[in-house]
C-alpha cells in the first residue's frame, strides 16, 4: 500500500514540503539538497536494524552487513579528510560536540569558545546550552573595526583563564579561521583544541578552505550543510583518542546508531570524493562572493566586508528593517533565509538586526554567478521598498521562474 493510500495526511504534507522546496530559493547557510542516491540510502530498510556497539563488537546478532556499511563510511571519511580516526555514529553535530566534551572534560572544567553574539554556536559555551551549564565557559569575539576574529583577545583570555579546551569554529563567521594560531596557544597553555567545522566541512573536504586535520586534537562536524549529506554528526580525531571517543559515543552517550543514516553518510562521502564535488565547492564560494559584492554595490553593509566561504551576514540597520521582518518579507517572495544577529546586535535574538545568506543550496540547484547576482539584486530590491506589494509580487513571479529553470529534483 502506498503512503498516499495509508496515510494521506502525511503524504499531503510531504508533497507540500516538496513543492515548497521546488518553488523557493533556499539561502539558509546550513541547508542543502541531498542527492537522490542519499535519499535512497536514508529511506532504505536499514532503518530496521539495531546495531549497538561498533563493527565486529556489536551487542546484537545479524550485524555483518551493517558492519560493512559502517566500515565503508569510516574508510571514505578518513580518505576524504585525511585523518587518523573517524566516528560516524553521532546523531547530530551538537551530539558530536557533547561527546568530545564528555570524553576529556569534567563538569566545571574551563572552556573557551567564540561568543554566540559574534557568530559562535550554542554548543561552544552559551549559557543556555549544556556547554555553558556544565562547564565554566569563557568567550572570545571579533575585532570591532574589521569584524574579524580577535586572535589577540582569544590568546589573552586563554592565558588568563587557562581553559582545558579551546574551541575554534562558528555558525555565522564568513572569514578563514587561523587554526595554526589556535594550536599555538593551546600548546602554550596545555589545552585541547577542538575545531567545529560543521559549516565548512564540504569546503575543507574539497580543499578550498584550510583544513584543521593534523592541527586540532578533535574535529566535529555535521554531515549536511556544505558536505551535502544526510542530517547527522561526525567526529575526526588523532588516533590516540580513538578508544575514549568510541566509549563516550557508546555506551556513555548514545545507544544504537542509525544505520540508514550512516549508509547515507557513506554515499555522501563517496560523492564528496569525486572531482565534481571540488568544483561545486569552489562555485559555492564564488557565488557567495558575487552576492556579497552585488549587495555591497547596492548600498547594503556586509559584515566584515565580504566572505571567504559559503555565507555572509547583512547588517540591515541602515535599511530600517529588522532581521525578523526581512526574513518574512523575503519569504513572501519565495526567498528563504534566516534572521541573524550581527556583532554586538542591539536587537533581541528573536528580532536581530541582520540576515544570514548562504549559497550551498542555490549552487546545488545549478545557479552560477550570473543567477546569484540576479538573486542578490532581487533581495536589494525587496529591502529597499518592503511595503511595495506590486514589487514583491513581481519578484515572487521572477523567483518562481528561476525555480522552474533550475529544479531541485527531476520529478517523473
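Cβ coordinates come from backbone N, Cα and C, glycine included.
What Swiss-Prot says about this protein:
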- 116, 120, 121, 122: (6S)-5,6,7,8-tetrahydrofolate binding site (BINDING)
- 224: site 'Plays an important role in substrate specificity' (SITE)
- 225: N6-(pyridoxal phosphate)lysine (MOD_RES)
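Cβ packing within 10 Å was compared across the recorded positions 122, 224, and the lowest neighbour count falls to 122. Take the mean position of the Cβ atoms of 116, 120, 121, 122, the recorded (6S)-5,6,7,8-tetrahydrofolate site; other residues of that chain with a Cβ within 8 Å of it are 113, 114, 115, 119, 123, 124, 125, 126, 129, 170, 171.
Here the recorded positions are 121, 225, and the one ringed by the most other CB atoms within 10 angstroms is 225. Annotation for residue 120 ((6S)-5,6,7,8-tetrahydrofolate binding site): spatial neighbours 113, 114, 126, 139, 169, 170, 171, 173, criterion Cβ-Cβ under 8 Å with sequence separation of six or more. The 10 Å shell around the Cβ of residue 116 ((6S)-5,6,7,8-tetrahydrofolate binding site) contains 24 further Cβ atoms across the protein chains shown.
Under the three-state DSSP scheme, residue 121 ((6S)-5,6,7,8-tetrahydrofolate binding site) falls in the coil class. You'll find the Cα of residue 224 (site 'Plays an important role in substrate specificity') roughly 16 Å from the Cα of residue 121 ((6S)-5,6,7,8-tetrahydrofolate binding site).
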